[in-house]
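Asker: One structure is given below, represented as structure tokens, and several questions about it will come after.
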Amino acid sequence: MESEFQQHHFLLHDHQHQRPRNSGLIRYQSAPSSYFSSFGESIEEFLDRPTSPETERILSGFLQTTDTSDNVDSFLHHTFNSDGTEKKPPEVKTEDEDAEIPVTATATAMEVVVSGDGEISVNPEVSIGYVASVSRNKRPREKDDRTPVNNLARHNSSPAGLFSSIDVETAYAAVMKSMGGFGGSNVMSTSNTEASSLTPRSKLLPPTSRAMSPISEVDVKPGFSSRLPPRTLSGGFNRSFGNEGSASSKLTALARTQSGGLDQYKTKDEDSASRRPPLAHHMSLPKSLSDIEQLLSDSIPCKIRAKRGCATHPRSIAERVRRTKISERMRKLQDLVPNMDTQTNTADMLDLAVQYIKDLQEQVKALEESRARCRCSSA
């Protein structure tokens with residue numbers, strides 16, 4: 001078949017190169033009509049060809065499991081004899097015989113449909129290929145009324161009751177184990193001895209999921225227990241991590257080692273020191289004012305970030321001081337010069353002050369001259 005396709009391809013390629021270039025109507029990159037006619041004849045020859053017995057046997061085995069399937073394992077683990085022949089399923093009486101059903105001769109794609117009550121059916125879909133007719137016996141309908149089969153396919157999915165038994169703490173314990181443990185291996189090992197008695201039998205996994213890896217279940221109880229073996233939970237987390245007794249002792253020891261020379265800031269009240277919370281604030285400030293002053297005297301002042309608009313450069317600081325002095329002197333000048341508007345700018349204020357000073361100087365000069373000319377008569 002492939003050789004015929006290649007031959008037609010070469011003929012088409014030669015035909016396109018041998019056509020005259022200056023013809024009126026040119027069929028660009030199109031095949032001649034003779035090519036498609038010969039192609040149809042080759043398809044008819046293939047359709048008339050009967051399928052092999054091995055293909056018919058495999059297809060009939062798939063189609064017989066379409067309507068009813070009581071067990072998932074009977075479908076997944078399809079058994080064959082030692083000589084390669086399929087083990088025949090139990091015979092069932094049929095009503096309509098020799099029903100012609102078109103199936104694929106090359107390949108089929110199976111669709112596994114799982115209904116709500118656990119029924120599983122297989123629907124072979126016709127894939128790319130040529131269609132051949134295969135006769136099979138039609139399965140009779142069952143007498144009991146079952147729910148309609150759902151069209152949603154669940155490929156490689158887990159059983160319906162699997163995810164309801166998964167516990168968040170189990171997944172967390174597995175993650176902690178993969179991270180190398182969280183310091184709770186001893187507690188896990190001792191608590192696993194009572195796991196088998198505390199785990200209910202009703203939560204065990206269904207038999208259809210035995211091929212998958214088992215997922216453990218953890219009962220939420222004060223004493224952490226699980227039915228996993230000790231080696232599985234050896235790296236799990238410790239349930240007593242939030243216990244204030246062990247945590248406070250560790251934090252207190254850590255505070256003692258890190259505090260160092262801060263013992264001088266301890267208060268004199270022994271009762272209040274004994275009633276401290278579990279978390280020791282060893283880096284907190286002392287409570288008394290004298291201790292705070294001593295701490296501030298020993299500490300080195302750190303650089304504080306300048307406010308917005310306040311630069312820390314020496315020239316900027318000098319300019320800011322100069323402007324501050326000018327502002328103070330202008331306020332004094334406003335007090336000395338009468339009828340000076342405070343909203344006037346600095347230049348106008350200076351002009352008014354200069355004019356006022358000149359007027360004062362003229363008045364002083366006139367008074368001095370009048371005093372010099374004045375003669376007091378002696379009595």
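Here the Cβ of each residue, glycine as well, is placed from N, Cα and C on the backbone.
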Asker: If Swiss-Prot marks one of SER158, SER213 as phosphoserine, which residue does it mark?
Answerer: SER213
Asker: Which residue among SER234, SER240, SER274, SER327 does Swiss-Prot mark as phosphoserine?
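Answerer: Of SER234, SER240, SER274, SER327, Swiss-Prot lists SER234 as: phosphoserine.
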Asker: What does the DSSP secondary structure composition of the domain 'bHLH' (310-360) look like, as residue counts for helix, strand and coil?
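Answerer: Looking at the domain 'bHLH' (310-360) with DSSP, the answer is 38 helix, 0 strand, 13 coil.
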